[in-house]
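Colleague: The structure's right below; bear with me while I get my questions together.
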Amino acid sequence: MCYVTAERAECVQLCVLSHLIAILVVVMHRIKILSGHLRPPGSSEHRRDLWRSECGCAGSSSPDDVVVVHGRRTAVGKAKRGAFKDTTPDELLSAVMTAVLTDVGLSPDKLGDVCVGNVLQPGAGALMARVAHFLSGFPETVPVYTVNRQCSSGLQALFNIAGAIRSRSIDLGLACGVESMSLRSIGEPGDLSSRLTDNDKARDCIIPMGITSENVAEKFGISREQQDAFALSSQQKAARAQDTGAFQREIVPVSTRFVDADGSERQVTVDRDDGVRAGTTLAGLGKLRPAFKPDGSTTAGNSSQVSDGAAAVLIGRRSAVEVLGLPVLGVLRASAVVGVPPDLMGIGPAVAIPAALETAGLTPPALYCVEKLGIPLEKVNPNGGAIALGHPLGCTGARQVVTLLNELRRRGRRAYGVVSMCIGTGMGAAAVFEYPGP
């Protein structure tokens, strides 16, 4: 996960959230290209005028806008040994579903639909989601369904609800994501044709994620040292964010059961991400062995963690939200899902982000003619990324939206941001949001 911000308050702030360390270098390259184009020479007033004329979304509003009202997430726990290792996903999901509606005083019968992103539960968690729905006190008249687009499932849930709003099927909906990687692990790929081995691209779809990371590192020249340095930065920033309470507003405290090593049970309240390792050092990272290839560069220390967690985001049509007197935390300006080579699936954000930005009107065509520049490291991941926070598969997309919009609100001025992630089997997803300001 990373954030990238412009240098001046008048400029667009471009925030990118991505969870795979190997692709961040590629994304950083592309985003700085954008940054150069989004800061034309001249006065700050000229900059504002430029954005008004070239970005159809910038500074404008419509009754039909899809807006984010509110979002919450659980803390993210380390799979198998963290705070949520004994907590079922329906309980995690119920906690955030309940909190989001309680916070804004909305009755669940106002929802037109609920969509939940999930990867590992049977049937993408269809039964689990309906159980969570009733545990949250939602009426049977409100429907719920699930979606599995692997690592982007939580974001795809938001896209699906947004699509229903745009088509006028519903006015308000809840987009969620949840995963327990403690109770369910990535297993066999399922029932596949024997012809898979005869097709290169089909065969590449079952390459382990860690090997695709190694492929990206080799192809784009990303060294072990670069990855370890980035991982250290992620841990340090996440630790600082925890210490300063930056995540407090977005995390729902969850009271749950925890089984100790001796089999005894106790109740705990979880309100802190437990994957953050404040004591991480470059020397310590350097001692870790490669996790996927004997001569590889991807380790347990510079990869995103397997995790447990849930998040929920309430979205609606602006006109309906205003009638109900609900707040507007952000506006969904554009989205994109793209395909990339399965064996290099980590490059998905480098393709999806420019596509989403162009749809939002935030990129000129000349973008694709520019070939170089990077972004300052201090502008990337001010609160740490998934290396420190973790990556609960079905949850991450929704969690990123919650974290992004809360970060922009903390900064206190109108801004734009992007959430993005790579997707197994060779895809990438991205969404552009506007924070309208206080």
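Think of each number as a place in line: the chain as shown, counted from 1.
Cβ from N, Cα, C; glycine included.
Pulled from TrEMBL, these are the listed features:
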- 12-31: transmembrane segment (TRANSMEM)
- 66-318: domain 'Thiolase N-terminal' (DOMAIN)
- Cys151: active site, acyl-thioester intermediate (ACT_SITE)
- 328-434: domain 'Thiolase C-terminal' (DOMAIN)
- His391: active site, proton acceptor (ACT_SITE)
- Cys422: active site, proton acceptor (ACT_SITE)
Colleague: Taking only the residues in the domain 'Thiolase C-terminal' (328-434), give me the average pLDDT of this model.
Modeller: 84
Colleague: Looking at the active-site residues Cys151, Cys422, which one has the fewest other Cβ atoms within 10 Å of its own Cβ?
Modeller: Cys151
Colleague: Between the residue listed as 'active site, acyl-thioester intermediate' and Cys422 (active site, proton acceptor), what C-alpha distance do you get in Å?
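Modeller: With distance taken Cα to Cα, Cys422 (active site, proton acceptor) is 7 Å from the residue listed as 'active site, acyl-thioester intermediate'.
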Colleague: For a quick check of packing: other C-beta atoms within 10 Å of the C-beta of His391 (active site, proton acceptor), how many?
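Modeller: Total other Cβ atoms inside 10 Å, all chains included: 26.
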Colleague: If you measure His391 (active site, proton acceptor) to Cys422 (active site, proton acceptor) at Cα, how many Å is it?
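Modeller: With the alpha carbons as reference points, the distance is 12 Å.
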